[in-house]
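Trainee: Here it is, the structure, as structure tokens.
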Amino acid sequence: MSPKTETKASVGFKAGVKDYRLTYYTPEYQTKDTDILAAFRVTPQPGVPPEEAGAAVAAESSTGTWTTVWTDGLTSLDRYKGRCYDIEPVPGEESQFIAYVAYPLDLFEEGSVTNLFTSIVGNVFGFKALRALRLEDLRIPPAYSKTFQGPPHGIQVERDKLNKYGRPLLGCTIKPKLGLSAKNYGRAVYECLRGGLDFTKDDENVNSQPFMRWRDRFVFCAEALYKAQAETGEIKGHYLNATAGTCEEMMKRAVFARELGVPIVMHDYLTGGFTANTTLAHYCRDNGLLLHIHRAMHAVIDRQRNHGMHFRVLAKALRMSGGDHIHAGTVVGKLEGEREVTLGFVDLLRDNYIEKDRSRGIYFTQDWVSMPGVLPVASGGIHVWHMPALTEIFGDDSVLQFGGGTLGHPWGNAPGAVANRVALEACVQARNEGRDLAREGNEVVREACKWSPELAAACEVWKEIKFEFDTIDYL
């Protein structure tokens, strides 16, 4: 143990404030396979050296406090402290740098995303010595990830449950998101599922409001999907949002969904909280329910480049906490999402092993071992003209979700669903025949219009719709 980090009581106690870097900046440290590693984008206050700022992040997110305390002598800081082990500049940003911090595994409760985040992204984000702080990535070691159940079922089990293979799944968010009665809501669900969609969805803020109580919605939606299943011969689902004001109420809704025999429920995992989400995920695995996750509130946390937390971290947290689907941006629609960044965290959701790749924002190699994968959901401002790009970008293991792009069809909900299903089938067939969807996608859609009047009408309505804004989150 070096003199700088000696903590034995025999050394004696000297009160006062000391530099964080004397204890928590350790560039000679060799990271362990069991360490949780973090990459922080740090913007220190003027005059604060990078080493001191990086050490402050390590200290305040682990064992440190602002002054020396005599109880330091009652434990071994070398065993429990976080360490800033590397600092690298951010190209083009003179006042920013990336601080790499290693945390010993014993700092965290097993199977608890709540505890993990309370430490790593807790009080340190309000630290006065820092102008801004952003958590860019985490490396979760197998020794820790194996303490989590993870997704209730995962990609392959979901495909087996639905008996659907070789293509992305199709969904639709029912609109208007608020104000419909339960019966009219169920009617919209039925029309969309009958037209060819695999799923329909409650919007994230549909819970149990005066115009539509949750139990009524659940009953009418279950009736709609059973009727659509009988007519189409396909397994259908509706994401019944179980999010509620208390965990007890959330579980009551999930239990009722199971009693209705529906295949899937939904949760808003950030507004609902990780403790509630993990509780629901465990119930879903035990009772055969798929779990769709909405990321409402994520942009409050992840959209600013200098402060907060990147969505790739929230995606990893969700995979550990549990969910079979999660919204992940579209690249081409109305919501934020640069292509390489989006594909980086899509791989972190789906794959077992993801190599470090800074060109896609992946700071650490991530080994999920046997944890099931999560289907990314592309949703937000997409329509039939986006189908070739979405198929090419996200591949088969995804859910493509068209709300306005289904319900906005001039002939109604069912024709809107038909248009999306025909466009998807045409794109998948063209891809399987070796055609380049990135180059020939529009031609593929136009050809399909010749034998689908529903698709032709949709193409005419949305031919001029574009969302041309620069992305904020870029590499």
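Including glycine, each Cβ sits where the backbone N, Cα and C put it.
The annotation active site, proton acceptor is assigned in Swiss-Prot to Lys175, His294. The substrate binding site feature in Swiss-Prot is assigned to Asn123, Thr173, Lys177, Arg295, His327, Ser379; the stated evidence is sequence analysis. Taken from Swiss-Prot, the feature Mg(2+) binding site covers Lys201, Asp203, Glu204. According to Swiss-Prot, the N-acetylproline annotation covers Pro3, on the basis of sequence analysis. The N6,N6,N6-trimethyllysine annotation in Swiss-Prot covers Lys14, and the record cites sequence analysis as its basis. Look at Swiss-Prot and you will find Lys201 tagged as N6-carboxylysine. Residues or ranges marked as site 'Transition state stabilizer' in Swiss-Prot (evidence: sequence analysis): Lys334.
Structural setting of the listed features?
Mentor: Cβ neighbour count for Lys175 (active site, proton acceptor) (all protein chains, 10 Å cutoff from its Cβ): 16. DSSP assigns Lys175 (active site, proton acceptor) to coil, not to a helix or a strand.
Sequence-distant neighbours of His294 (active site, proton acceptor) (same chain, 6+ apart, CB under 8 A from its CB) are Glu204, Asn241, Met266, His267, Asp268, Tyr269, Ile326, His327.
The Cβ neighbour count for Lys177 (substrate binding site), using a 10 Å radius over every protein chain in view, is 14.
Every protein chain shown contributes to the tally, and the Cβ of Lys201 (Mg(2+) binding site) ends up with 29 other Cβ atoms within 10 Å.
DSSP gives Lys201 (Mg(2+) binding site) a strand state.
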Trainee: Taking every protein chain in this structure into account, which of the binding-site residues Asp203, Glu204 has the most other Cβ atoms within 10 Å of its Cβ?
Mentor: Glu204
Trainee: Including all protein chains shown, what's the count of other C-beta atoms within 10 A of the C-beta of His327 (substrate binding site)?
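Mentor: Cβ-Cβ neighbours of His327 (substrate binding site) within 10 Å number 21.
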Trainee: Could you check which of the recorded positions (Asn123, Thr173, Lys175, Arg295) sits closest to Lys201 (Mg(2+) binding site), going Cα to Cα?
Mentor: Thr173
Trainee: Which residue among the binding-site residues Asn123, Thr173, Ser379 has the fewest other Cβ atoms within 10 Å of its Cβ, if you could check?
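Mentor: Counting other Cβ atoms within 10 Å of each of the binding-site residues Asn123, Thr173, Ser379, the minimum falls on Asn123.
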Trainee: Can you give me the same-chain residues 6 or more apart in sequence from Arg295 (substrate binding site) with a CB-CB distance under 8 Å?
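Mentor: Listed in sequence order: Asp268, Tyr269, Leu270, Phe311, Leu314, Leu318, Ile326, His327.
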Trainee: Given the binding-site residues Asn123, Lys177, Ser379, which lie close to Asp203 (Mg(2+) binding site), meaning Cα to Cα within 10 A?
Mentor: Lys177
